[in-house]
(Lines of atoms letter the chains of each structure in order from A; the text may use other names.)
(Lines give C-alpha, C1' and ligand atoms only; values in the text may rest on other atoms or scores of the structure.)
Protein backbone atom coordinates (compact mmCIF):
# COMPACT_ATOMS: atom_id res chain seq x y z
CA UNK A 1 0.00 0.00 0.00
CA UNK A 2 2.90 2.36 0.66
CA UNK A 3 3.89 1.82 -2.96
CA UNK A 4 0.53 3.26 -4.02
CA UNK A 5 1.07 6.27 -1.77
CA UNK A 6 4.53 6.89 -3.16
CA UNK A 7 3.29 6.67 -6.73
CA UNK A 8 -0.08 8.35 -6.42
CA UNK A 9 0.82 11.15 -8.85
CA UNK A 10 1.81 8.60 -11.49
CA UNK A 11 -1.34 6.56 -10.90
CA UNK A 12 -3.59 9.62 -11.24
CA UNK A 13 -1.88 10.49 -14.50
CA UNK A 14 -2.39 6.93 -15.76
CA UNK A 15 -6.02 7.00 -14.68
CA UNK A 16 -6.55 10.17 -16.70
CA UNK A 17 -4.86 8.63 -19.74
CA UNK A 18 -6.75 5.36 -19.33
CA UNK A 19 -10.09 7.18 -19.11
CA UNK A 20 -9.64 9.30 -22.19
CA UNK A 21 -8.22 6.44 -24.24
CA UNK A 22 -11.24 4.31 -23.34
CA UNK A 23 -14.06 6.86 -23.25
CA UNK A 24 -13.31 9.03 -26.30
CA UNK A 25 -13.64 5.96 -28.58
CA UNK A 26 -16.88 5.05 -26.84
CA UNK A 27 -18.36 8.49 -27.56
CA UNK A 28 -16.98 8.58 -31.12
CA UNK A 29 -18.26 5.05 -31.71
CA UNK A 30 -21.73 6.09 -30.62
CA UNK A 31 -21.68 9.25 -32.75
CA UNK A 32 -20.69 7.20 -35.82
CA UNK A 33 -22.90 4.15 -35.30
CA UNK A 34 -26.13 6.09 -34.57
CA UNK A 35 -26.42 7.73 -38.03
CA UNK A 36 -24.93 4.63 -39.68
CA UNK A 37 -27.44 2.40 -37.92
CA UNK A 38 -30.27 4.73 -38.88
CA UNK A 39 -29.23 4.62 -42.54
CA UNK A 40 -29.07 0.81 -42.29
CA UNK A 41 -32.65 0.67 -41.04
CA UNK A 42 -33.83 2.98 -43.84
CA UNK A 43 -32.00 0.98 -46.52
CA UNK A 44 -32.36 -2.47 -45.03
CA UNK A 45 -30.11 -4.17 -47.60
CA UNK A 46 -27.22 -2.38 -45.90
CA UNK A 47 -27.86 -3.89 -42.47
CA UNK A 48 -26.51 -7.42 -42.98
CA UNK A 49 -23.27 -6.40 -44.76
CA UNK A 50 -22.59 -3.74 -42.11
CA UNK A 51 -23.11 -6.16 -39.24
CA UNK A 52 -20.94 -8.77 -41.01
CA UNK A 53 -18.18 -6.22 -41.61
CA UNK A 54 -18.40 -5.26 -37.95
CA UNK A 55 -17.99 -8.91 -37.02
CA UNK A 56 -14.80 -9.21 -39.07
CA UNK A 57 -13.32 -5.96 -37.74
CA UNK A 58 -14.19 -6.95 -34.18
CA UNK A 59 -12.26 -10.22 -34.61
CA UNK A 60 -8.99 -8.36 -35.28
CA UNK A 61 -6.58 -8.53 -32.34
CA UNK A 62 -6.06 -5.11 -30.77
CA UNK A 63 -2.26 -5.26 -30.84
CA UNK A 64 -2.42 -5.93 -34.59
CA UNK A 65 -4.72 -2.98 -35.16
CA UNK A 66 -2.54 -0.66 -33.04
CA UNK A 67 0.37 -1.45 -35.38
CA UNK A 68 -1.42 -1.62 -38.74
CA UNK A 69 -3.22 1.70 -38.25
CA UNK A 70 -0.11 3.93 -38.37
CA UNK A 71 0.71 2.40 -41.76
CA UNK A 72 -2.77 3.29 -43.00
CA UNK A 73 -3.24 6.65 -41.27
CA UNK A 74 0.34 7.86 -41.55
CA UNK A 75 0.46 8.52 -37.79
CA UNK A 76 3.47 7.89 -35.57
CA UNK A 77 3.46 4.38 -34.11
CA UNK A 78 3.62 5.80 -30.59
CA UNK A 79 0.73 8.19 -31.18
CA UNK A 80 -2.36 7.83 -28.95
CA UNK A 81 -4.44 8.48 -32.10
CA UNK A 82 -3.83 4.85 -33.15
CA UNK A 83 -5.31 3.54 -29.90
CA UNK A 84 -8.29 5.89 -30.15
CA UNK A 85 -9.00 4.99 -33.79
CA UNK A 86 -8.59 1.25 -33.10
CA UNK A 87 -10.96 1.30 -30.13
CA UNK A 88 -13.42 3.46 -32.10
CA UNK A 89 -13.42 0.82 -34.85
CA UNK A 90 -14.24 -1.84 -32.25
CA UNK A 91 -16.94 0.36 -30.74
CA UNK A 92 -18.63 0.95 -34.10
CA UNK A 93 -18.30 -2.75 -35.07
CA UNK A 94 -20.17 -3.78 -31.99
CA UNK A 95 -22.61 -0.88 -31.60
CA UNK A 96 -23.84 -0.97 -35.19
CA UNK A 97 -25.66 -4.23 -34.48
CA UNK A 98 -27.24 -2.87 -31.31
CA UNK A 99 -28.28 0.40 -32.97
CA UNK A 100 -29.94 -1.48 -35.84
CA UNK A 101 -31.65 -3.93 -33.47
CA UNK A 102 -32.68 -1.08 -31.20
CA UNK A 103 -34.18 1.05 -33.96
CA UNK A 104 -35.95 -1.99 -35.38
CA UNK A 105 -37.47 -2.70 -31.97
CA UNK A 106 -39.58 0.45 -32.21
CA UNK A 107 -43.18 -0.72 -32.68
CA UNK A 108 -44.76 0.27 -35.99
CA UNK A 109 -47.86 1.71 -34.24
CA UNK A 110 -45.65 4.09 -32.30
CA UNK A 111 -44.03 5.36 -35.50
CA UNK A 112 -47.42 5.80 -37.12
CA UNK A 113 -48.73 7.62 -34.08
CA UNK A 114 -45.74 10.00 -34.16
CA UNK A 115 -46.22 10.71 -37.85
CA UNK A 116 -49.95 11.21 -37.47
CA UNK A 117 -49.53 13.86 -34.77
CA UNK A 118 -47.27 15.74 -37.18
CA UNK A 119 -43.69 14.75 -36.31
CA UNK A 120 -41.18 15.31 -39.07
CA UNK A 121 -38.58 12.66 -39.74
CA UNK A 122 -35.72 14.26 -37.81
CA UNK A 123 -37.88 15.10 -34.83
CA UNK A 124 -39.42 11.64 -34.84
CA UNK A 125 -36.05 9.89 -35.00
CA UNK A 126 -34.55 11.98 -32.22
CA UNK A 127 -37.51 12.11 -29.86
CA UNK A 128 -39.32 8.83 -30.53
CA UNK A 129 -37.14 6.17 -32.20
CA UNK A 130 -33.94 6.90 -30.33
CA UNK A 131 -35.36 6.96 -26.80
CA UNK A 132 -37.20 3.68 -27.39
CA UNK A 133 -33.99 2.12 -28.76
CA UNK A 134 -31.96 3.22 -25.72
CA UNK A 135 -32.10 -0.05 -23.73
CA UNK A 136 -30.78 -2.11 -26.66
CA UNK A 137 -28.15 0.50 -27.56
CA UNK A 138 -27.00 0.72 -23.96
CA UNK A 139 -26.54 -3.04 -23.77
CA UNK A 140 -23.95 -2.68 -26.54
CA UNK A 141 -22.50 0.49 -25.07
CA UNK A 142 -21.81 -1.24 -21.76
CA UNK A 143 -19.99 -4.10 -23.49
CA UNK A 144 -17.98 -1.62 -25.57
CA UNK A 145 -16.99 0.44 -22.55
CA UNK A 146 -15.88 -2.48 -20.41
CA UNK A 147 -14.01 -4.10 -23.34
CA UNK A 148 -12.30 -0.81 -24.21
CA UNK A 149 -11.14 -0.30 -20.65
CA UNK A 150 -9.49 -3.71 -20.67
CA UNK A 151 -8.01 -3.25 -24.16
CA UNK A 152 -6.36 0.10 -23.44
CA UNK A 153 -3.81 -1.77 -21.33
CA UNK A 154 -2.51 -3.67 -24.36
CA UNK A 155 -1.33 -0.30 -25.70
CA UNK A 156 1.30 -0.27 -22.94
CA UNK A 157 3.35 -2.63 -25.11
CA UNK A 158 3.79 0.18 -27.60
CA UNK A 159 4.12 2.74 -24.83
CA UNK A 160 0.64 4.25 -24.39
CA UNK A 161 -1.64 2.30 -22.15
CA UNK A 162 -2.87 4.04 -19.01
CA UNK A 163 -2.83 1.47 -16.21
CA UNK A 164 -1.22 -0.94 -18.69
CA UNK A 165 2.06 0.84 -17.99
CA UNK A 166 1.86 -0.57 -14.44
CA UNK A 167 2.04 -4.04 -15.99
CA UNK A 168 5.08 -3.30 -18.15
CA UNK A 169 6.83 -1.54 -15.25
CA UNK A 170 6.11 -4.40 -12.88
CA UNK A 171 7.24 -6.98 -15.40
CA UNK A 172 10.49 -5.20 -16.22
CA UNK A 173 11.31 -4.69 -12.54
CA UNK A 174 10.17 -8.19 -11.53
CA UNK A 175 7.89 -6.48 -9.03
CA UNK A 176 4.39 -7.79 -8.35
CA UNK A 177 2.82 -4.79 -6.58
CA UNK A 178 2.28 -2.50 -9.60
CA UNK A 179 0.76 -5.37 -11.57
CA UNK A 180 -1.72 -6.27 -8.83
CA UNK A 181 -2.56 -2.58 -8.36
CA UNK A 182 -3.03 -2.21 -12.12
CA UNK A 183 -5.35 -5.23 -12.41
CA UNK A 184 -7.43 -4.09 -9.44
CA UNK A 185 -7.67 -0.48 -10.66
CA UNK A 186 -8.53 -1.60 -14.18
CA UNK A 187 -11.32 -3.88 -12.94
CA UNK A 188 -12.57 -1.15 -10.59
CA UNK A 189 -12.61 1.41 -13.39
CA UNK A 190 -14.61 -0.95 -15.62
CA UNK A 191 -17.08 -1.56 -12.81
CA UNK A 192 -17.50 2.15 -12.04
CA UNK A 193 -18.04 3.03 -15.70
CA UNK A 194 -20.52 0.19 -16.10
CA UNK A 195 -22.50 1.37 -13.06
CA UNK A 196 -22.39 4.94 -14.41
CA UNK A 197 -23.84 3.76 -17.72
CA UNK A 198 -26.61 1.86 -15.94
CA UNK A 199 -27.39 5.05 -14.02
CA UNK A 200 -27.35 7.13 -17.19
CA UNK A 201 -29.68 4.67 -18.88
CA UNK A 202 -32.13 4.93 -15.97
CA UNK A 203 -32.01 8.72 -16.22
CA UNK A 204 -32.62 8.62 -19.96
CA UNK A 205 -35.47 6.13 -19.77
CA UNK A 206 -37.66 7.30 -16.88
CA UNK A 207 -40.62 5.45 -18.36
CA UNK A 208 -38.88 2.11 -17.83
CA UNK A 209 -39.16 2.59 -14.08
CA UNK A 210 -42.94 2.50 -14.12
CA UNK A 211 -44.74 -0.55 -15.40
CA UNK A 212 -45.82 0.43 -18.87
CA UNK A 213 -47.39 -1.45 -21.73
CA UNK A 214 -44.74 0.11 -23.98
CA UNK A 215 -41.96 -1.72 -22.20
CA UNK A 216 -43.72 -5.03 -22.56
CA UNK A 217 -44.15 -4.39 -26.26
CA UNK A 218 -40.46 -3.64 -26.85
CA UNK A 219 -38.92 -6.41 -24.82
CA UNK B 1 7.59 1.52 -44.72
CA UNK B 2 5.16 -0.40 -46.95
CA UNK B 3 8.18 -1.20 -49.14
CA UNK B 4 9.98 -2.55 -46.06
CA UNK B 5 6.94 -4.69 -45.30
CA UNK B 6 7.12 -6.38 -48.69
CA UNK B 7 10.92 -6.61 -48.52
CA UNK B 8 10.55 -8.52 -45.26
CA UNK B 9 7.96 -10.87 -46.77
CA UNK B 10 10.02 -11.29 -49.94
CA UNK B 11 13.25 -12.17 -48.16
CA UNK B 12 13.66 -15.98 -48.22
CA UNK B 13 15.54 -15.82 -44.90
CA UNK B 14 12.27 -14.93 -43.21
CA UNK B 15 10.63 -18.11 -44.44
CA UNK B 16 13.20 -20.54 -43.00
CA UNK B 17 14.34 -21.77 -39.63
CA UNK B 18 13.25 -21.20 -36.06
CA UNK B 19 12.45 -17.54 -36.64
CA UNK B 20 10.82 -18.02 -40.04
CA UNK B 21 7.21 -17.20 -40.71
CA UNK B 22 6.04 -20.86 -41.07
CA UNK B 23 7.60 -21.82 -37.71
CA UNK B 24 6.10 -18.78 -35.97
CA UNK B 25 2.70 -19.49 -37.49
CA UNK B 26 2.77 -23.13 -36.38
CA UNK B 27 3.86 -22.05 -32.89
CA UNK B 28 1.04 -19.57 -32.72
CA UNK B 29 -1.51 -22.17 -33.84
CA UNK B 30 -0.10 -24.76 -31.41
CA UNK B 31 -0.35 -22.40 -28.41
CA UNK B 32 -3.86 -21.45 -29.50
CA UNK B 33 -5.16 -24.99 -29.92
CA UNK B 34 -3.54 -26.42 -26.79
CA UNK B 35 -4.97 -23.57 -24.70
CA UNK B 36 -8.36 -23.79 -26.37
CA UNK B 37 -8.51 -27.54 -25.82
CA UNK B 38 -7.65 -27.29 -22.12
CA UNK B 39 -10.10 -24.41 -21.67
CA UNK B 40 -12.85 -26.38 -23.41
CA UNK B 41 -12.19 -29.53 -21.36
CA UNK B 42 -12.62 -27.46 -18.19
CA UNK B 43 -15.40 -25.10 -19.24
CA UNK B 44 -17.67 -27.32 -21.31
CA UNK B 45 -18.71 -29.81 -18.58
CA UNK B 46 -19.25 -26.99 -16.07
CA UNK B 47 -21.34 -25.07 -18.60
CA UNK B 48 -23.38 -28.18 -19.33
CA UNK B 49 -23.92 -28.85 -15.64
CA UNK B 50 -25.03 -25.30 -14.86
CA UNK B 51 -27.19 -25.18 -17.98
CA UNK B 52 -28.77 -28.60 -17.46
CA UNK B 53 -29.54 -28.13 -13.77
CA UNK B 54 -30.21 -24.40 -14.27
CA UNK B 55 -28.44 -23.74 -11.00
CA UNK B 56 -25.51 -21.38 -10.48
CA UNK B 57 -26.41 -19.16 -13.40
CA UNK B 58 -25.03 -16.11 -11.61
CA UNK B 59 -21.55 -17.70 -11.72
CA UNK B 60 -21.70 -18.06 -15.49
CA UNK B 61 -22.95 -14.50 -16.02
CA UNK B 62 -20.49 -12.91 -13.62
CA UNK B 63 -17.43 -14.77 -14.88
CA UNK B 64 -18.06 -13.53 -18.38
CA UNK B 65 -18.52 -9.95 -17.21
CA UNK B 66 -15.31 -10.06 -15.18
CA UNK B 67 -13.55 -11.72 -18.12
CA UNK B 68 -14.42 -8.84 -20.39
CA UNK B 69 -13.01 -6.34 -17.91
CA UNK B 70 -9.84 -8.30 -17.15
CA UNK B 71 -6.76 -6.65 -18.70
CA UNK B 72 -5.00 -9.46 -20.56
CA UNK B 73 -1.53 -7.92 -20.26
CA UNK B 74 -2.05 -7.64 -16.49
CA UNK B 75 -3.04 -11.31 -16.25
CA UNK B 76 -0.07 -12.39 -18.37
CA UNK B 77 2.54 -10.43 -16.44
CA UNK B 78 0.97 -11.44 -13.12
CA UNK B 79 1.04 -15.17 -13.86
CA UNK B 80 4.54 -15.05 -15.35
CA UNK B 81 5.93 -13.20 -12.32
CA UNK B 82 4.21 -15.68 -9.98
CA UNK B 83 5.22 -18.88 -11.81
CA UNK B 84 8.22 -17.90 -13.89
CA UNK B 85 9.11 -17.36 -17.53
CA UNK B 86 8.20 -20.17 -19.89
CA UNK B 87 5.46 -21.67 -21.96
CA UNK B 88 3.46 -23.22 -19.12
CA UNK B 89 2.60 -19.96 -17.32
CA UNK B 90 1.58 -18.34 -20.59
CA UNK B 91 -0.63 -21.29 -21.49
CA UNK B 92 -2.20 -21.07 -18.04
CA UNK B 93 -3.03 -17.42 -18.74
CA UNK B 94 -4.46 -18.29 -22.15
CA UNK B 95 -6.58 -21.07 -20.63
CA UNK B 96 -7.89 -18.69 -17.96
CA UNK B 97 -8.97 -16.31 -20.72
CA UNK B 98 -10.52 -19.09 -22.80
CA UNK B 99 -12.72 -20.56 -20.07
CA UNK B 100 -15.35 -17.83 -19.47
CA UNK B 101 -16.70 -17.45 -23.02
CA UNK B 102 -17.01 -21.24 -23.48
CA UNK B 103 -18.59 -21.71 -20.06
CA UNK B 104 -21.05 -18.84 -20.45
CA UNK B 105 -22.18 -19.70 -23.96
CA UNK B 106 -22.56 -23.39 -23.15
CA UNK B 107 -24.62 -22.45 -20.13
CA UNK B 108 -26.68 -19.95 -22.12
CA UNK B 109 -27.27 -22.42 -24.95
CA UNK B 110 -28.31 -25.31 -22.74
CA UNK B 111 -30.42 -23.31 -20.32
CA UNK B 112 -32.09 -21.52 -23.22
CA UNK B 113 -33.65 -24.71 -24.55
CA UNK B 114 -37.43 -24.42 -24.48
CA UNK B 115 -38.98 -26.11 -21.43
CA UNK B 116 -41.66 -27.66 -23.62
CA UNK B 117 -39.03 -29.35 -25.76
CA UNK B 118 -37.45 -30.90 -22.69
CA UNK B 119 -40.84 -31.98 -21.35
CA UNK B 120 -41.58 -33.59 -24.71
CA UNK B 121 -38.25 -35.45 -24.60
CA UNK B 122 -38.97 -36.62 -21.08
CA UNK B 123 -42.45 -37.65 -22.12
CA UNK B 124 -40.90 -39.85 -24.80
CA UNK B 125 -39.03 -41.64 -22.04
CA UNK B 126 -35.59 -40.02 -22.40
CA UNK B 127 -33.35 -40.05 -19.36
CA UNK B 128 -31.57 -36.94 -18.08
CA UNK B 129 -28.42 -37.96 -19.90
CA UNK B 130 -30.27 -38.58 -23.15
CA UNK B 131 -32.01 -35.23 -22.89
CA UNK B 132 -28.62 -33.57 -22.45
CA UNK B 133 -26.83 -35.32 -25.31
CA UNK B 134 -29.67 -35.71 -27.80
CA UNK B 135 -31.72 -32.58 -27.18
CA UNK B 136 -29.96 -29.88 -25.20
CA UNK B 137 -26.47 -30.06 -26.72
CA UNK B 138 -27.65 -30.17 -30.36
CA UNK B 139 -29.98 -27.24 -29.80
CA UNK B 140 -27.29 -25.32 -27.91
CA UNK B 141 -24.63 -26.03 -30.54
CA UNK B 142 -24.77 -22.67 -32.37
CA UNK B 143 -24.14 -20.84 -29.09
CA UNK B 144 -21.48 -23.34 -27.99
CA UNK B 145 -19.61 -22.81 -31.26
CA UNK B 146 -19.95 -19.07 -30.87
CA UNK B 147 -18.37 -19.38 -27.41
CA UNK B 148 -15.50 -21.44 -28.82
CA UNK B 149 -15.04 -18.75 -31.44
CA UNK B 150 -14.86 -15.95 -28.86
CA UNK B 151 -12.39 -17.99 -26.85
CA UNK B 152 -10.25 -18.71 -29.91
CA UNK B 153 -10.06 -15.06 -30.96
CA UNK B 154 -9.23 -14.00 -27.42
CA UNK B 155 -6.48 -16.61 -27.23
CA UNK B 156 -5.01 -15.77 -30.66
CA UNK B 157 -4.89 -12.13 -29.67
CA UNK B 158 -3.46 -12.70 -26.21
CA UNK B 159 -0.89 -15.19 -27.55
CA UNK B 160 0.41 -12.28 -29.65
CA UNK B 161 0.66 -10.04 -26.61
CA UNK B 162 2.34 -12.95 -24.79
CA UNK B 163 5.44 -12.48 -26.93
CA UNK B 164 6.07 -9.58 -24.55
CA UNK B 165 6.58 -12.07 -21.71
CA UNK B 166 8.73 -14.32 -23.90
CA UNK B 167 6.59 -16.62 -25.97
CA UNK B 168 7.16 -17.71 -29.56
CA UNK B 169 4.55 -17.24 -32.24
CA UNK B 170 3.70 -14.36 -34.51
CA UNK B 171 3.83 -11.87 -31.66
CA UNK B 172 7.64 -12.24 -31.72
CA UNK B 173 7.80 -10.10 -34.87
CA UNK B 174 5.82 -7.37 -33.12
CA UNK B 175 7.86 -7.38 -29.93
CA UNK B 176 11.27 -8.00 -31.53
CA UNK B 177 10.54 -5.39 -34.19
CA UNK B 178 9.55 -2.90 -31.50
CA UNK B 179 12.77 -3.56 -29.61
CA UNK B 180 14.92 -2.53 -32.56
CA UNK B 181 12.41 0.00 -34.02
CA UNK B 182 12.01 -2.21 -37.09
CA UNK B 183 8.53 -1.10 -38.09
CA UNK B 184 8.14 -3.28 -41.22
CA UNK B 185 8.83 -6.38 -39.12
CA UNK B 186 6.15 -5.30 -36.60
CA UNK B 187 3.75 -4.72 -39.46
CA UNK B 188 4.39 -8.23 -40.81
CA UNK B 189 3.56 -9.72 -37.40
CA UNK B 190 0.45 -7.58 -37.02
CA UNK B 191 -0.88 -8.34 -40.50
CA UNK B 192 -0.25 -12.09 -40.13
CA UNK B 193 -2.02 -12.19 -36.77
CA UNK B 194 -4.95 -10.23 -38.18
CA UNK B 195 -5.20 -12.63 -41.13
CA UNK B 196 -5.00 -15.62 -38.79
CA UNK B 197 -7.84 -14.19 -36.68
CA UNK B 198 -9.99 -13.60 -39.77
CA UNK B 199 -9.33 -17.11 -41.13
CA UNK B 200 -10.17 -18.73 -37.78
CA UNK B 201 -13.27 -16.55 -37.46
CA UNK B 202 -14.46 -17.70 -40.89
CA UNK B 203 -13.63 -21.32 -40.02
CA UNK B 204 -15.88 -21.11 -36.98
CA UNK B 205 -18.61 -19.46 -39.03
CA UNK B 206 -18.43 -22.42 -41.45
CA UNK B 207 -18.34 -24.90 -38.59
CA UNK B 208 -21.42 -23.25 -37.13
CA UNK B 209 -23.15 -23.65 -40.47
CA UNK B 210 -22.39 -27.30 -41.01
CA UNK B 211 -22.12 -28.74 -37.51
CA UNK B 212 -25.56 -27.65 -36.47
CA UNK B 213 -28.36 -30.09 -37.13
CA UNK B 214 -30.14 -29.41 -40.41
CA UNK B 215 -33.39 -30.01 -38.58
CA UNK B 216 -32.68 -26.92 -36.50
CA UNK B 217 -31.36 -24.58 -39.17
CA UNK B 218 -33.49 -25.79 -42.05
CA UNK B 219 -30.30 -25.71 -44.10
CA UNK B 220 -31.49 -28.56 -46.32
CA UNK B 221 -35.00 -27.23 -46.66
CA UNK B 222 -35.98 -24.40 -48.92
CA UNK B 223 -37.67 -21.14 -48.00
CA UNK B 224 -36.80 -21.41 -44.34
CA UNK B 225 -35.32 -18.56 -42.43
CA UNK B 226 -31.84 -19.60 -41.30
CA UNK B 227 -30.95 -16.75 -39.00
CA UNK B 228 -28.70 -18.43 -36.49
CA UNK B 229 -25.93 -15.85 -36.79
CA UNK B 230 -24.08 -15.77 -33.49
CA UNK B 231 -23.09 -12.55 -31.80
CA UNK B 232 -19.77 -11.08 -32.97
CA UNK B 233 -16.83 -12.58 -31.19
CA UNK B 234 -13.43 -11.16 -30.45
CA UNK B 235 -11.91 -7.71 -29.94
CA UNK B 236 -9.28 -8.11 -27.37
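Just so it is clear, glycine is given a Cβ too, placed from its N, Cα and C backbone atoms.
Here TrEMBL flags A:15-196 as domain 'ABC transmembrane type-1'.
When Cβ-Cβ distances below 8 Å are used as the criterion, the transmembrane segment (A:20-38) is approached by residues 50, 80, 83-88, 90-92, 94-96, 98-100, 102-103, 125, 129-130, 137, 141, 144-145, 148-149, 151-152, 155, 160-162, 189, 193 of the same chain, each at least six residues removed from its ends. The annotation transmembrane segment is assigned in TrEMBL to A:20-38 (among others).
Marked as transmembrane segment by TrEMBL: A:50-71 (among others).
The transmembrane segment feature in TrEMBL is assigned to A:77-96 (among others).
The transmembrane segment annotation in TrEMBL covers A:132-163 (among others). Listed by sequence, the residues of this chain that lie at least six past the ends of the transmembrane segment (A:132-163) yet keep a Cβ under 8 A from its Cβ atoms are 14-15, 17-19, 21-23, 25-26, 29-30, 34, 62-63, 66-67, 77-80, 82-83, 87, 90-91, 94-95, 97-99, 101-103, 105-107, 110, 182, 185-186, 189-190, 193-194, 197-198, 200-201, 204-205, 208, 214, 218-219.
Annotation comment: TrEMBL describes A:175-200 (among others) as transmembrane segment.
Residues 3-4, 7, 11, 15, 18-19, 22-23, 138, 141-142, 145-146, 149-150, 153, 163-164, 166-167, 169 of the same chain lie 6+ residues outside the transmembrane segment (A:175-200) yet bring a C-beta within less than 8 angstroms of a C-beta in it.
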